[in-house]
Amino acid sequence: MLRPVAAFEVRYLVRNPLFLATFAAFFLASFFDMAIFKLVQEAGGTVLFNSPNAIIKTHLIASLLYLFVGAAFISNALLRDRQTGYAPILLTTRVSKADVLLGRLAGAIVAGAAVLAAVSLGTWLGTLMPFADQAMLGPNRLSGWAFGYLFFAFPNAIIISAILFALTGATRSTAGTFIGVVLLLVFYLVGQRLMENAPDLISLRVLADPFGMSGYMAGARYLTAPELNAGIVPVTPLMIGSRLLWLAIAAVLITMTVRMHRMAEPNVSARRLRKLARASQAPSTRPDRVAEAVLPSATFDRRTARRQFAARVRMDARHVLKSPVFVVLLLIAFAFAIPGLLSASTFAGTPLYPLTSILVPILNASFRTFLVIVAAYFAGELVWRDRERHIDQLIDAAPVPSWSLMLPKFLGLALVLLSTLAVTVLVAMLVQFASGAVPIRPGEYLRWYVLPTGADLLLVAALAIFVQALSPGKYAGWGVMAVYVVLLFVGPAIGLAHPLAFYGQVPGVPLADMTGSGSFGAAAWWVRLFWAAIAGLMLVAAQLLWPRGIAGGMRTKLRLLPRRWTGPARAMTLSLLGMAGLSGAWIFYNGHILNRYETTAQSEDYLADYERRYLRYASRPQPVVTHLALSVDLFPDQPRADVGGTLRFENKSGQPIRDLHVRVANAGLELLAADVAGARLVHDDRRFGYRIFRFDRPMLPDATGTLTFRGRRGRAGFVLSGQERALVENGTVLDAFDLIPRIGMHDSGLLTDPAARKRQGLDPARPLPALESRRAVDTLMSDNGWITADLTVSTAADQTPVAPGRRVWDRKAHGRRVARFVSDVPTFNDVSFHSGRFALASLMHGGVKFAVYHHPEHRWNVRRMLDAMTRSVDYYRSAFGPYQFDRLQIVENPYGEGAHAYPHTLSMGEAGGFAMDLRDPSQLDIATMLVAHETAHQWWGHQLRGTRMEGTALLIETLAQYSALMVLEKTKGPDQVQRFLRFQRDRYLAGRRAQVGAEPPLVRVAPGDNHITYGKGALAMYLLRQQMGEAVVNRALRGLLARHRFSVPPYPRSLDLVAALRAEAQLPQQQELITDVFERVTLYDFKIDGVTSARRPDGQWTTVVTVKAAKAFVGGDGIARTAPLDAIVPIALLSMHPEEAVARSAVLRQSTQRLRSGEQKVRFVTARRPAYVAVDPSAFMSTGRSTTIC
């Protein structure tokens, strides 16, 4: 009977509206994702949309989403007989329990497999559409769909069904099944997150993943875009083992559930029997004589109306709160939120203190969409509940106005949404309380989360009530709201980015602990006011068109509308229209008249026109700025900056200059006036901020001149696009080119996206000048050279101004704080201006004053930063040469997690060291590494400076990375360096997938290739340090810096660094290594093929390690080709995993071995038996696809 039962179940499920809706949803989502949206793309945009990798990932995501659909299928199959009362009849038949349960399960699995097959069908058809992005589509490879469906999706349908089968059998309720699903999802997400940064748990992580997602991601992590596009599908033994393991677990769960499940109703518990017995023995409460009852008199006054209204609100809110659907949705939201709240992190997975400004975006990301769905779903439930229960005519006949029927549903829904927000706030506060280091401020949650998010959700609730009031049925209303929810996500991508272009859309408000929501909230609240007026109009319309009695359809309602639109309704309509008109006009005035609103298309047009008009001037010789004399007045409360001053320049081009080109490179700067001594204005383009001054007499070589100007940066009112994050209420950080005009045209800041340039009819972007270009080496940068500066900065009286140079004086005058800074030593023209309500921590060390200007509450890592600065300067002085300033300071700014090195000033974001939670001593000390890296730029960048050409990033960023590694090793030990190198190795190998075009060797690296500059660069320099010695490498770098200190033409090139290292290399292997790591794209592959250990008669252990070694060069086509290997490679025997071995002195034996291509055996003798063997797991650029730890 198994087959007939299964066949019946399949027929039953495929006719079910839930199956049809789910099949359609999975099909349409995958179809449109492939044909139009492609919401999930690989970084870099070079992996084809229909590559096997993309198809497999789509199936994996669909499998995870199927978890909730499968819960409905399985619970229905297992519980349907009991819920319909058919179970007693079924028990009288000859059909066995196993046939019923297994047949129902088989039918549910087939239905689930069909739903997941819709993903395969949708993606395949999406690739055939003529409107799909053909440039991102390659040939359809069967392997993607075969692996995606047969290896992942179909087994997942079986595994998920088995898990849900066991859950339903254990709970015997649909709600219990869904709650179990949510708990399973929570454990899955939390467990995977906890194991994410534990490399020794990678096997456990793969095996513990029932969906196969971790196994695939681990196998495909280091595959490059050409490899993925060529159709490579990584299938590892661990991945296969995980699939088989979970299929076996599924079989066990199915068997146990069939054996333990009872088809009959569960027996009544002993406790229930005792309760029934007591009830039956209780004395009768029936009176001997029936007394006449006095009925209360009915009173219908305002008090009664208020009580009835409040009762309706409570009833509707209670209906939602007690709904199993609401509970399940709430638990799902918490399942996604809790891992993020517990593990908020920044660079390299470093945990952050749970500041409110960090947790609120996590809450919004986790709960906003969920609550939008709650509003859309339960609006339908509340509006249609009375009609579905056939009591609508009774209620409609009550002597109450329509608004008293409609408004309680809106208010009840609002009460649910706001109370849910309050619960999420309590969870976030518990996280903060558990941290023990962050103050809990309910007011911040109220201002930054509950009020704005609550207002946004009420807008959605009003729309949902309006839609359901006008819809012919509940499902039609849900369909309209489903379209709205989709447009919330894709609207900006299809041209609905303007806040007034789509209902309920509000400008984003960035948060920071230093500034809160700053001045960004004004625009958001004005837009909310406009949409609130529209929401009010929709509620009025819903009240006027509210269905009552047996009235006809929409045509009848519209015919009755004029008679209903009287009195209060008319007054409310006119008031709301006035509010919408006034607020909309004010928004338009601020966003379009006082300020500039620019769409992406308009921005493209602007930059394209700018390039067409002025790029031709980029090759014109221009004078070089040599001195800045500026007066900067900051008004943080507005926010606004007024600037005026003089730029002194000198003609170092060697030829006469006829015209001086002056341009505004930053759109936020308004150049109010500009004057050049001895020249007249011949071209003034206000749209692009481009001026040309013609000298009365051509400017001769070595002659000097001055440009005097006045400018303003800021805004009037509020903006709708292009939010200003540099000039803020507390924590302003502006650089020179935010405030001053630039001399000469340059191609930086123009369109770089190939698709955008093609749309604009522009030629491909100019590549960086080649490494061999002598012209680039000999060309002076007109406004990026070495200068002296005299800067006067004023700000609010309660703030501290900070700028480069010696603080000559600092005083308060006219209710403002004013300070003057003078820089006499050569300074790179990258000066900065800071202002904030800072606390100051400082010390003197080695003749240098070290200081940290920080938010008073962000004291956690200040001493760590001071220590990192002092140790860095000490090391860099001894290793590379003198420090040019007498001070070094860190200044905190509100936004970002990175840092930037200005002359003797390091600007660091809140999350860039200040809010890092480094209380765990085993945690990688990214704060020290970050400070050491930025301090190193005072040598590599502010002493040695390259020009704009291939490889310059190697001289600046890679050498700063190496320098910081040395400081990290000296201060925190080699274990921290090894962990950091493993992170950078992963960064490099994973980043290769996002590489646009051929991967350049390190000597030709471009500024945007951070995975090469920082990741591979750190590995390369540390590998040279291992092979050649720290003193040798530092001697080469010191000599390079001595030859090019305060660089002038001819500028140093990356080839000069390579030459300096070659001059110090003594062995042929070292010369070959320099070639491999700098001049080629080289990948190494070391694999431990076997380890045997035997005890010797003297009690020691002999360990034989079989190692397979290989080397490959990657060509311009992205294909790796084998090359002969002859390298010195460290091999270590450890008593614990390498992640902890160095820190705990668990290295039993380590030595360098000469490895050649192929297989070789290496013998070691140790006092103890090793637990692990590691073949250079960090420094070499290994592929990461072989076992280097065993």
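Along the chain as shown, residues are numbered 1 onward.
Placement of Cβ uses the backbone N, Cα and C atoms for every residue, glycine included.
The annotation transmembrane segment is assigned in TrEMBL to 18-40 (among others).
Sequence annotations record features per position, and here TrEMBL assigns transmembrane segment to 60-79 (among others).
Same-chain neighbours of the transmembrane segment (100-125): 1-10, 12-14, 19, 22-24, 26-31, 33-35, 50, 55, 58-59, 62-63, 66, 69-70, 73-74, 77-78, 90, 140, 145, 148-149, 153-154, 156-158, 160-162, 165, 254, 257-258, 261, 263, counting only residues six or more beyond its ends whose CB sits under 8 Å from a CB of the stretch. Feature annotation from TrEMBL assigns transmembrane segment to 100-125 (among others).
What TrEMBL lists as transmembrane segment is 145-167 (among others).
What TrEMBL lists as transmembrane segment is 174-191 (among others). Beyond the ends of the transmembrane segment (174-191), by six or more residues, the same chain brings 67-68, 71-72, 74-76, 79, 163-164, 167-168, 208-210, 324, 327-328, 331-332, 334-336, 338-339, 342 to within a C-beta distance below 8 angstroms of the stretch.
Here TrEMBL flags 320-338 (among others) as transmembrane segment.
Per TrEMBL, transmembrane segment is recorded for 358-379 (among others).
Per TrEMBL, the feature transmembrane segment maps to 410-434 (among others). Sequence-distant contacts of the transmembrane segment (410-434) (same chain, at least 6 residues past either end, Cβ-Cβ under 8 Å): 312-317, 319-321, 326, 330, 333-334, 337-338, 341-342, 354, 356, 359-360, 363, 366-367, 371, 374-375, 378-379, 382, 440, 442, 445, 449-450, 453-454, 457-458, 461-462, 464-465, 539.
Here TrEMBL flags 446-470 (among others) as transmembrane segment.
As annotated by TrEMBL, transmembrane segment applies to 482-503 (among others).
Residues 402-403, 405-407, 410, 452, 455-456, 458-459, 462-463, 465-466, 469-470, 499-500, 503-509, 554, 557-558, 561, 564-565, 569, 572-573, 576-577, 579-580, 583-584, 586-587, 590-591, 718-720 of the same chain lie 6+ residues outside the transmembrane segment (523-546) yet bring a C-beta within less than 8 angstroms of a C-beta in it. Here TrEMBL flags 523-546 (among others) as transmembrane segment.
Under the heading transmembrane segment, TrEMBL lists 567-589 (among others).
Per TrEMBL, domain 'Peptidase M1 membrane alanine aminopeptidase' is recorded for 867-1047.
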Residue numbers, six or more beyond the limits of the transmembrane segment (145-167), whose CB comes under 8 Å of its CB atoms:
52, 55-56, 58-60, 62-63, 66-67, 70-71, 73-75, 78, 105, 108-109, 112-113, 116-117, 119-120, 123-124, 176-177, 180-181, 184, 210-212, 216, 233, 235, 243, 246-247, 249-251, 253-254, 256-257
Top partner of the transmembrane segment (482-503) among 18-40, 60-79, 320-338, 358-379, 446-470 - counted as Cβ pairs under 8 Å:
358-379
Quick check for me: are there 3+ Cβ pairs below 8 Å between the transmembrane segment (446-470) and the transmembrane segment (567-589), leaving out pairs under 6 residues apart?
no
At a C-beta cut-off of under 8 Å, are there same-chain residues at least 6 beyond the transmembrane segment (60-79) that contact it? List them, or none.
9, 13, 16, 18-19, 22, 26, 30, 40, 101, 104-105, 107-108, 111-112, 115-116, 119, 148, 152-153, 156-157, 160-161, 164-165, 167-169, 172-174, 177-178, 181, 184-185, 211-213, 216, 261, 332
Which sequence-distant residues neighbour the transmembrane segment (567-589)? Criterion: at least 6 residues beyond either end, Cβ under 8 Å.
499-500, 523, 526-527, 529-530, 532-534, 536-537, 540, 543-544, 717, 720
Six or more residues beyond either end and a Cβ under 8 Å away: which residues meet both conditions relative to the transmembrane segment (358-379)?
320, 323, 325-326, 329-330, 332-334, 336-337, 340-341, 344, 352, 409, 413, 416-417, 420-421, 424-425, 428, 431-432, 444-445, 448-449, 453, 456-457, 460-461, 464-465, 467-468, 477-478, 481-482, 484-485, 488, 511, 911, 915
